[in-house]
Amino acid sequence: MRIINNRQTVVLMVSIIVVSLLAPAVAPSATAQEPESADDYFNTLRGMSDLEIYDEYSELETLHTQSLTGVQVGEFTDEQARELDAVIATIRQFEEAQAQFENEEYEAGFETAADVQRSISELETHDESLAALSRLALTRYYEQLGSELASRAEQADNTPTEIELRELAAEAYRGANQPEQAAEFTRQVEQLRAELSADREQMDDAEAAVGSLTESCSNCESSTSAISEHNIGVIKRYQPALQTSSMITDAVQRANRHGLSDRQTSLEAQANTAKSIRLSIAIASTTILVGYGLILGLLVAIITSRLFAWQRTFEAANVDSVVAVGDSDV
């Protein structure tokens with residue numbers, strides 16, 4: 001009997017120790033729980049009475065007021081608790097979405113707005129009128145977001161950013177139930193993408209042309225080396241060099257038009273290379289042409305002088321012949 005009593009005592013002591021260890025861990029989780037009673041919901045909603053979000057969206061203030069009044073009337077049920085959970089989630093998510101909008105975190109704002117939509121859908125299963133109020137506020141949020149994104153797109157300093165902003169604006173206008181505006185911005189996005197794609201192809205072609213030029217005309221960055229390397233063949237390289245220089249200059253302008261600063265810097269360096277080669281080939285070609293011109297001129301001068309000499313000799317011979325005939329007649 002004494003052994004059994006000792007065992008019971010040990011078990012009891014162990015149980016007390018375990019409970020004492022678990023008690024501090026359990027207590028905080030209880031304080032972090034969501035509202036459960038009518039008083040809990042009332043206190044939670046009352047603590048949300050002076051939110052700045054109501055200044056921007058009066059619909060949410062009406063939503064809050066009606067919910068605060070409703071929790072004080074009648075018997076509190078689980079159905080009402082789920083409804084108030086949806087109301088509280090909607091208001092808090094709206095606060096987050098508006099803060100993201102003001103901080104220019106537009107993509108995050110879209111994600112939070114999607115959360116708001118899910119909360120409104122849950123609210124709609126309990127009270128359609130409150131859901132309608134919330135949905136009107138969400139529509140206004142999307143309108144505000146679309147207008148801001150459209151304005152930002154107009155001010156964008158490069159085409160990729162403009163495309164991104166106009167695409168987001170189209171999404172915002174779809175959320176605001178403005179399909180015509182959404183379709184217009186979608187059309188603009190498609191047009192800008194097509195233009196950017198076409199111009200990037202032109203830039204790629206220009207870069208390839210410069211690469212081909214530098215490969216085919218090695219040592220052409222000075223007129224002397226160009227002549228030494230290619231001799232008279234340098235002349236036929238001038239036209240391709242001229243075309244390549246024109247292409248790369250046009251590519252620089254396209255990059256500048258789209259605000260592609262890194263690409264523009266790279267293209268400008270290649271444009272300088274193409275310009276240097278074109279100038280060297282032009283000087284080399286001119287030098288060769290002038291040289292050949294001088295040689296040809298010298299040959300022409302020699303031939304011309306010989307012709308004149310032959311002509312004078314011929315004329316002199318004719319004169320002597322006439323004189324000789326005259327003497328014989330006498």
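Note that Cβ sites are derived from N, Cα and C of the backbone, with glycine treated the same way.
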Query: Per TrEMBL, which of 42-69, 98-125, 182-209 is coiled coil?
result: 182-209
- request: Please indicate, using numbers and ranges, the residues of the same chain that are 6 or more beyond the coiled coil (182-209) and have a C-beta under 8 Å from a C-beta there.
  value: 150, 159-160, 162-163, 166-167, 169-171, 173-174, 243-244, 247-248, 250-251, 254-255, 257-258, 263, 267, 270
